[in-house]
Amino acid sequence: MVKLFIAIAKTARPRQWIKNLAIFAALVFTGSFFDPNLFSKTVLGFIALSILVSSVYFINDVSDVNVDKLHPFKKNRPIAKGDLPITTALILAFLGILTAFGIANFLSQFFFLSLAAYLILQLTYTFWLKEVVVVDILAIATGFVIRVYAGAFLIDAHLSIWFLLCVISVSLFLAAGKRRAELAILTEKVAAQHRKTLSLYSTQLLDSYLAMFATASWLSWALFTFFKEEERDFYISQSVSPNLLNTLPLTILGSGKLLMITIPIVIFGVMRYLYIVYEGSRAETPERVLLTDKPLLTSVGIWVLVILTVIYLLHPQTY
C-alpha cells in the first residue's frame, strides 16, 4: 500500500506545481497580493489548477507508457515500471478532473473556462500535438500563458499587452529549451522512437529558436517596465520613506521606471538558463532547473523581492 501511495505521488508530479505559481502573476502585478479575498481566491485557484495538472500527468503517462520505457529517465516513472496500474491511474485522473472543475465552478465562470481550455490543450497535446513539429513547442508555451490568464480571470484583472508578450516569449523560450535538452540527451535513433518530432528538429534549428526567444524574453520584459500605460501609472507613497524618495530624481521616479532595475536580473536569468541548456540534461524539466540551480534560483528570488518592493513598498496603482 505504501509503495502504491509513493507511485501515485510520483506520478502526480507535485514538483511541477511550481509552474502553477504563474496563476499569482495577476494578483501580484495588480497590487492586490495582500487583499485577503483575492488572495484566498487565487490560492483555491492554484489548488484546482494543480489537481488538474496532476490529473493530466496520469493520462499522459498512461498514453506514453511504451515510449517512456525507451527514455533514460522516464523509464523509471511508476506506470512505465508497473508500480502503478493503468486502471488506477485513469480512475485517479477522472476523480481529479471532477474535483478541479468543481472548485473552479465555485470560483469563477471564466476561470472554469480557462481550466477547460487547459485540459483540452493538454489532452490534444498528449494524443496529437506533441507529434507535430513546431506546433508542439507552441502548445507547451500556450500552457504557461493559460496559467497566467487563468489567474487574471480569477480576480477579474487587466494585464498589460507588454506583460502578455513577455509571458509568451518566456514560455516559448522554456519550451524550446526543453526540446533542445531532450535532443541532447537522446541518441538520434532513440529520439525518433521516443518522440517523432525530435527527429525532425536539428540542433541548429532549436539553437536559433533559443536565441530568438531568449532575446524576445528580456526585451519584452524591458518594454513592459518602460512603457507608460494609463492603467499602470505609478505614484510614490508619501508614507514610505518620503525624505529618501524625494531626494531621487524624477528620471528614476517616472511612471513604472523603477521596475527597470530588474532588467539586468532578467538578462542574467536568461543567460543562466541558456548555460544550463547547453551544459547538460537538466533543462529537459524547467521546474527542476529552477529548484536545483542555485544561481538561477537566487536570481529569481532577487527578482521577486525587487518586484514586491517596487509594487508594494512604493505603492503603485493597479496595472
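Cβ coordinates are placed from backbone N, Cα and C, and glycine is handled just like the others.
Residues 11-14, 16-17, 19-21, 23-24, 77-80, 86, 89-90, 92-97, 99-101, 103-104, 106-108, 111, 115, 118-119, 122-123, 126-127, 147, 150-151, 154 of the same chain sit 6 or more residues outside the transmembrane segment (44-63) yet have a Cβ under 8 Å from a Cβ within it. Feature annotation from TrEMBL assigns transmembrane segment to 44-63 (among others).
Taken from TrEMBL, the feature transmembrane segment applies to 84-104 (among others). Only residues 6 or more beyond the boundaries of the transmembrane segment (84-104), in the same chain, are considered here, and those with a CB under 8 A from a CB of the stretch are 4, 7-8, 11, 44-45, 47-49, 51-52, 54-56, 58-59, 61-62, 65, 78, 111-112, 115-116, 119.
Residues annotated as transmembrane segment in TrEMBL: 110-128 (among others). Within its own chain, the transmembrane segment (110-128) has Cβ neighbours under 8 Å at 45, 48-49, 52, 56, 59-60, 63-64, 97, 100-101, 104, 136, 139-140, 142-143, 146-147, 149-150, 153-154, counting only residues six or more beyond its boundaries.
Annotated transmembrane segment per TrEMBL: 135-155 (among others), in sequence order.
With a cut-off of 8 Å between Cβ atoms, the residues of this chain six or more beyond the transmembrane segment (161-177) that come close are 22, 25, 29, 137-138, 140-145, 148, 206, 209-210, 213-214, 216-217, 219-221, 223-224, 227, 270, 273-274, 277, 283, 286, 319. Annotation source TrEMBL lists transmembrane segment at 161-177 (among others).
For 205-227 (among others), the entry in TrEMBL reads transmembrane segment.
The transmembrane segment annotation in TrEMBL covers 247-275 (among others).
Marked as transmembrane segment by TrEMBL: 296-315 (among others).
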